[in-house]
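Taking it in order: structure first as structure tokens, then the write-up.
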Amino acid sequence: MHPERNSNTAEMATPGVCMKIINARHNKDGLGTLSNPENFLNQDYQLLKQYCNINRVRYVDDMFPPDTRSIGKDILSPSDLAAVKWERPSKMVSNPSFVVDGVSRFDFGQGMVGNCWFLASIGALTFQDFILNQVVPLGQNYDVDYCGLFHFRFWRFGRWVDVVIDDKLPTINGRLIFVHSKDPNEFWPALLEKAYAKVCGSYSDMNSGTPSEALVDFTGGVHICINLSDPPPNLWELMCRAGKSKSLIGCGTPQGETSANTVLPNGLVQGHAYTVTGVKEVISQGQIVNLVRLWNPWGQGEWNGDWSDGSPLWQTVSPEDREMCLSVFDDGEYWMPLKAFCEFYSDLDICCLCPDFLDGSSSCHWKTSFYEGRWVAGTTAGGCMNNRDSFWTNPQFRVKIDKLLSDCSAGPDEKNMLVSLMQKPDKRNRRLVKNLHIGFSVFEAQRGKFPASFFNTHAPIAQTKAYMNAREVMAFLMLKPGEYLIVPSTFNANETASFILTILSKAETHVQ
């Protein structure tokens, strides 16, 4: 369907304070910021472009070469792999363009790699122009100073990186085999996918994932995951406020007993990533109905239950709502009621630049602190609290929380702190990364030093619900003013890894 593209997704606030989280989640040496990104693999876009234009050559990237190494293993059959030819867009069409008539989630469809999680995230990205422009520099084209060189920016574990690529794209019989635009002359989706494949190690390294991973890499923001089998009572209010706060929102269906990508009788795909593109409250037969709009990155295949394109329930709403929301196209976008959304989807991923939307307070802005650390086997990798003799050796962060200002005062059920723990990979190739089970515990702090016996006699006042082998875990906390100790750890002792600890708080915090 093609409803009014922005009528049901509220206008987003100006960047303002929200940008502070982007500027906080990077190293403090000036390199790796949005305004001064680090050159990925030490490749400088401006120097490479200058060299190509002076020497009148087209760029070929030897760090992500146009051959089978960049495609990777296990996503193409041997016969397909042998048939691949790497072509520049000018060899595929007579009038290639970077962008044709603006950027939209309807521009592209998924190819032969299982990266629906990445494409669902691009779909969310297209709603936020200022975020899109920091990831996809739109001054690029196939006209002025074209030399086959393009670049994109991603947030990677504490640093913004500028990633350069050539525009040789893998094809079979003249057609793109991975993401492809609906307009054959438009190439920004394929080039963006290639840049992210380079960061991951190869196209095959993009196979399988969750939207949260790419959403964070697009924004440097904080990921909030909501389990839809046990949603919070204010889920609808959260989704509405998230849609107004520059958040990018994705979701996924659960894996079934059958093979991946099985299309169910209701039109949904098992184990598949989707984009949340809007929320809307309508009146039907005198009752309020909360509707969620979703988009399938395949570019086709839709929900066929209540409030789908062909549902008679659309005849029960006002002509204005029907005109605003309903237009029947098999473009992968559809509406469904919130109750069915929670029933058939397993998780909701919200990536926010700042979590102000959580309590709806526009007068109180969260403060951000960002720290890097490392667990080292034998010295600072004490494992979880099951390891009583070594838990105390884990890195420890003492946090002092000031009293909340009156306009930030939290209600009885509101949280005033978000703690995020992200592990950093030690390998470039994403499919070779084995995430450790990670989590953290929070203790009320005493004055002075902490002897090893402290952790044998004091229980944590808060902690992650479970240790998870995820890239990032997080928890919302309600902590009164005072001093606390945050201890990030792996589940098992003596596991070496690097991590990033991010603390967002309504009150001023001081970390040692």
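In case you wondered, yes, glycine gets a Cβ from its N, Cα and C as well.
What TrEMBL says about this one:
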DOMAIN    58-354  domain 'Calpain catalytic'
ACT_SITE  C116  active site
ACT_SITE  H272  active site
ACT_SITE  N296  active site
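Long-range Cβ proximity for H272 (active site), meaning a same-chain Cβ under 8 A and a gap of 6 or more residues, is found for C116, G252, T253, A260, N261, N296. The domain 'Calpain catalytic' (58-354) scores a mean pLDDT of 91 in the predicted structure.
Taken residue by residue with DSSP, N296 (active site) is part of neither helix nor strand, so it is coil.
C116 (active site) carries a helical DSSP state (H, G or I). There are 26 other CB atoms within 10 A of the CB of N296 (active site), with all protein chains counted.
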